[in-house]
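Below is one structure, written out as structure tokens; the observations come after it.
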Amino acid sequence: MHSFPPLLLLLFWGVVSHSFPATLETQEQDVDLVQKYLEKYYNLKNDGRQVEKRRNSGPVVEKLKQMQEFFGLKVTGKPDAETLKVMKQPRCGVPDVAQFVLTEGNPRWEQTHLTYRIENYTPDLPRADVDHAIEKAFQLWSNVTPLTFTKVSEGQADIMISFVRGDHRDNSPFDGPGGNLAHAFQPGPGIGGDAHFDEDERWTNNFREYNLHRVAAHELGHSLGLSHSTDIGALMYPSYTFSGDVQLAQDDIDGIQAIYGRSQNPVQPIGPQTPKACDSKLTFDAITTIRGEVMFFKDRFYMRTNPFYPEVELNFISVFWPQLPNGLEAAYEFADRDEVRFFKGNKYWAVQGQNVLHGYPKDIYSSFGFPRTVKHIDAALSEENTGKTYFFVANKYWRYDEYKRSMDPGYPKMIAHDFPGIGHKVDAVFMKDGFFYFFHGTRQYKFDPKTKRILTLQKANSWFNCRKN
């Protein structure tokens, strides 16, 4: 198999990407990354033909478009910064558009009772932790299907699990730390169903490095016949993220049940769904500014827009802050200290950039002086010019002085009295350019705190440049 000549690929790079303040060495590395990524995951046939240098055509461009469409990126056929960012993420080694084909059609196990064997163990974890991680991964799939799984200690099992490194004689060598973490084969005889984990990775049972339970649950989905999902919230999404609780999204459940049917449980499990930025029914749990940007939070996810990138960025909260819980209920930025404070229940966390500050979480009672009757905060914002922070709880609000570190006297007050027209409850709020933006359900109210008037009423997701709401 031949490679595209490096000079031609660099010419391709110069034509299809915008100017980067990067060294020639960096560009060469990125060109090599693009070629290898598309060959491995998008079946790019590297036959040595010249890449078109002046038109958006040719095999590399078409495969780039295919990859960008799969990951929900802006489809340009150009190796832009967002595309390279995705390519550099650790991920599963199974291709996105061509499975490890062993049999024609849609492979599945004919029997519902399957066996598995762990052939060897990683030294990164105690054996009991490895056993537990793999067992829990199988349970995720058995909970939603008629499938059952039994661990055996010797002989040939339906699904053989091993920790290997480099070239391990399956025509899909591992690449060292990072990059390709693991892979598994679709159901079938011999190597079919087997799962291999790269021993050059550091496997853990927490959010650090690579969580074995999380990766195993994904790979076993392949062992059962699933391919990759384009849903970023699905366990079968190809890139690795750890979002705290490892669970099947509804997309995963729908996929596996399409192959094996529903479980025999009287109550059918339901998985979380990934929010869609332009869903007219979209609501938010919390919103805050952070260093000039606005971040929107929903369940396990954050959403944000970037003036340099028109697409809405959607990802797990844990990508930025792995120590924060999912389902945040309120957030606000205190710019004077470059802090953002996140609330859930009666606890809150303070972060600077991507770092959760030492000593958190703390409780809202000793820190802010809330009465014990307050069980959680619905929404919060802080006025940068006054140091006053507003906390909205049910139909009332408190005002806190950040500099005196105490509640202002005379509070709580009624929301409806001091913020006429926005209703009795606030789901989320933030301040930008001197205006308060209140959110309740699918509605957003732009409020002028000086005149105490609502200026505009829009859909909650109006910040996302959706064509239709």
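Cβ coordinates are placed from backbone N, Cα and C, and glycine is handled just like the others.
Residues annotated as Ca(2+) 2 binding site in Swiss-Prot: Asp158, Gly190, Gly192, Asp194. Of all Cβ atoms in the shown protein chains, 24 besides its own fall within 10 Å of the Cβ of Asp194 (Ca(2+) 2 binding site). DSSP assigns Asp194 (Ca(2+) 2 binding site) to coil in the three-state reduction, outside any helix or strand.
In the three-state DSSP classification, Gly176 (Ca(2+) 3 binding site) falls within coil. Feature annotation from Swiss-Prot assigns Ca(2+) 3 binding site to Asp175, Gly176, Gly178, Asn180, Asp198, Glu201.
In the three-state DSSP assignment, the secondary structure recorded for Cys278 (disulfide bond) is coil. Marked as disulfide bond by Swiss-Prot: Cys278-Cys466.
Taken from Swiss-Prot, the feature N-linked glycosylation site applies to Asn120. All protein chains considered, the CB of Asn120 (N-linked glycosylation site) has 12 other CB atoms within 10 Å.
Positions annotated as repeat 'Hemopexin 1' by Swiss-Prot: 275-324.
What Swiss-Prot lists as repeat 'Hemopexin 2' is 325-371.
Look at Swiss-Prot and you will find 374-422 tagged as repeat 'Hemopexin 3'.
Below 8 angstroms of C-beta separation, residues 277-289, 294, 296-297, 303, 305, 310, 312, 330, 332, 378-384, 390, 392, 394-395, 397, 415-416 of the same chain, each at least six residues beyond the ends of the repeat 'Hemopexin 4' (423-466), sit close to that stretch. Feature annotation from Swiss-Prot assigns repeat 'Hemopexin 4' to 423-466.
Mean pLDDT for the motif 'Cysteine switch' (90-97) in the predicted structure: 95. Look at Swiss-Prot and you will find 90-97 tagged as motif 'Cysteine switch', backed by experimental evidence.
Neighbour density for Asn143 (site 'Not glycosylated'): within 10 A of its CB lie 15 other CB atoms from the protein chains shown. Swiss-Prot lists Asn143 with the feature site 'Not glycosylated', giving experimental evidence as the kind of evidence.
In this structure, the CA atom of Cys466 (disulfide bond) is 42 Å away from the CA atom of Gly176 (Ca(2+) 3 binding site). With a 10 A radius on its CB, Gly190 (Ca(2+) 2 binding site) counts 10 other CB atoms from all the protein chains.
Taking the C-alpha atom of Asp198 (Ca(2+) 3 binding site) as reference, the shortest distance to any of the recorded positions Asn120, Asn143, Asp158, Gly190, Cys278 belongs to Asn120. Considering other CB atoms within 10 Å as the measure, the emptiest surroundings among the binding-site residues Asp158, Asp175, Asp198, Glu201 are those of Asp175. Nearest in space to Asp194 (Ca(2+) 2 binding site), taking C-alpha to C-alpha distance over the recorded positions Asn143, Asp175, Gly176, Asn180, Glu201, is Asn180.
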